[in-house]
Amino acid sequence: MLDTVVTVLTTGLTNGALYALATIGLSLVWGSMGMFNMAHGAMLALGGYLTFTVCTQLGLPLPVAVIAAVAGGALFGVLLYLVVVQRLLARSTEHFETSVMIATAGISIALEEALLVAFGGQPLKQPFTVSGNLHLGQSVVPLLDLADVVIALIVMGLTYWFLSGTKMGRAIRATAQNRDAAVLMGVPVQRIFLQALAISGALAGICGVLMSSVTQLTPWFGDDPMLKAFIMCVVAGLGNLPGAIAASFCLAIIEAAVEFLAGARWGFPALLFIVIAILIWRPAGLFGRSQIRRL
Amino acid sequence: MDNRRGLLKRSAGVGAASIGLLAGINKASAADAGKPIPVGSALPLSGIAAADGVEYRNGLTLAAEEINAAGGILGRPIQLHIEDTGNMGPVLTTQAMQRLIDRYNVPAIINGYNDATNMAEMDTAADADIIFSHYNTLLSANTKFNSNPKKYYGCFQGCPPEYYYGVGLLVYLKTLMDEKRWTPANRKIAIIPSSVEYAIVIANAIRDKAKDFGWEVSLFETVPFPNNQWGPTLAKIRQDTPGVIAVTHPLPQDLAQFALQFTPQPTNSLLYMQYGPSLPAFRQIGGKATTGVIYSTLIGCVPDEFSEQFRHDYTQKFGPNSTYLTGSQTYDALWKWALSAAIAGGPGEPYQKAQAQKIAQVMRQLVYRGTSGTSRVDPDGQSAYCYPTQTPDPSLGMPHQFLQVQDATKTPALIAPDLYAQAKFVTPPWMS
């Protein structure tokens, strides 16, 4: 019985940590800009492939490859802002939320197809890995899962420190709370948007490395985590970072438990059922604040 | 000297019978000589199945080059036209096929597989009276053919349907036990399909026939598609250890994850997977954890002397990372159609029903030995016969190949059918 509990908890906590990392990248951009970045899944894949390229193909040390994934993700976020988001914002802020969603969906397809052309469609092995297992009585916990959880927690901690303890982070939070008030207080909102997308890209980069270490590298491997990250965001309340992290861990453990108790195919439907129930009960999410929009 | 050696080698290999037969027919007729024959293919060259789509294109390219070098079909060279089906499905696939018919006037379309089409391609082909050959490996293709054989007369599935994966596994397990090469820990079998038609049909076949072979199904667990976290499923398996675990989910990367997550805390079970481990990604991702895994494929290049030249040419032409196992399918299909068209007096054109029927009749009669073994059409569904599950005669059925990863750094060993086997079954390391 104990080994079953350990197995289910290991799955839940590993998935939870990875979902949380994907979720905060998505939630950060939504909270500060009102932008649902449909290319976030493809950015996870970009991070994974950058590590693969730098480590396996260029032969550089793994830490350099991981840094390359973070830097590459941040750079892609910057380019995304400069080439697409900035122009959409300049044209129409009224329809920005819709137009940016469509634009990033297109970018997602283009990026995934570019990865397909560059690397082919056969799954590749992510060089970031940790071999060995931790034996807890009869139970076995893969060290790779533990490493992923620890790294994800460290990255989340750094993100929390950055947002709460630095001037740039406070400016991002101020913009997220009230964009108009932030502008009136002298916060350079355009620059904040750029920074938010760069940070989100960097988070996607490291998340892509960790995620592909327990799955595989294909151009589309980020699509499924992005869908689940979106669910976590909605459950927590779009734009609420601590809530998103808590929701990610809770839902991932529930998903793993449902998969064991009711069958593996019921895990994802259970998540969807929870989302629907929460949206009926609390339309703004568990931790979100309701907004009134005058039409 | 090298060329002569190559020619001699070829004469002993796969192309020999085909090239010789085609050259003989070509001498008899030179009508329309030189006018290219358009041949179409609708393949997933972008999207999730692009890796396989590229290999299917490679197989066609190599076959077309060889056929043209042998004089083409009645003196006419083959000209390939390939359309991308992207993420497949009925709309993209049938539109691609219709474009091939309308734009290029193709009398034949040779596809690999296109997922989730509901076999709508058969209607596109039947409406235009063209020959359609595919490797969807679906029982639903047979069912659709049987629903109206007169309409779908030109539609051929180049391999046995996936159903035979299931029954074939039970036959193979029985052989292992009868010959005392393996004694199961118990007579329980855990079946793990994913939520796609292909995996479910195989799993259902195992479940439905298990009792006949003396097995009790202890777990039937459908997992999502794709699926890389096997923890909850493995926890269930460990609660009630089965003698055999049969994972019918097809994606190699997910199967590698299964092996990685299974081996740290294994059960005393034989681990069978289907098709996915044939692809190099399985061993690349799974590494040592894949050692001992048994898998099978109903279709794919048999690694024998007969296919040696093909494997050499394919790897030389498309690089060491290419997968001839996949490319061999369309390679064989184009060769078989070309021979049939030549015997029938020409390839015809779309909407020329009489000529298409002649070619289809030859394809039904022609027993063709290709790189994947013997291709002989089963009139019940118009797919290939499966050896040994459907026919005891290896010269009349495509071998259901069972392979085992015996050393993760090397090519897996072909362990059954015995006639083709290169190695014997080895007890997996977690069981010994």
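Using N, Cα and C of the backbone, Cβ positions are placed for all residues, glycine too.
Any TrEMBL annotation is an automated prediction that lacks curation.
According to TrEMBL, the protein has these features:
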TRANSMEM  A:6-30  transmembrane segment
TRANSMEM  A:42-60  transmembrane segment
TRANSMEM  A:66-88  transmembrane segment
TRANSMEM  A:100-120  transmembrane segment
TRANSMEM  A:140-163  transmembrane segment
TRANSMEM  A:192-217  transmembrane segment
TRANSMEM  A:229-254  transmembrane segment
TRANSMEM  A:266-284  transmembrane segment
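The transmembrane segment (A:66-88) shares the most Cβ pairs under 8 Å with A:100-120, out of the stretches A:6-30, A:100-120, A:140-163, A:229-254, A:266-284. Long-range Cβ contacts of the transmembrane segment (A:229-254) within its own chain (Cβ-Cβ under 8 Å, at least 6 residues beyond either end) map to 8-9, 11-13, 15-17, 19-20, 22-28, 30-32, 36, 40, 156, 159-160, 163, 176, 270-272, 274-275, 278-279, 284-289.
In this chain, the transmembrane segment (A:42-60) touches the transmembrane segment (A:100-120); three or more CB pairs sit within less than 8 A of each other, excluding pairs fewer than 6 residues apart. When Cβ-Cβ distances under 8 Å to the transmembrane segment (A:6-30) are tallied for each of A:42-60, A:140-163, A:192-217, A:266-284, the top count falls to A:192-217.
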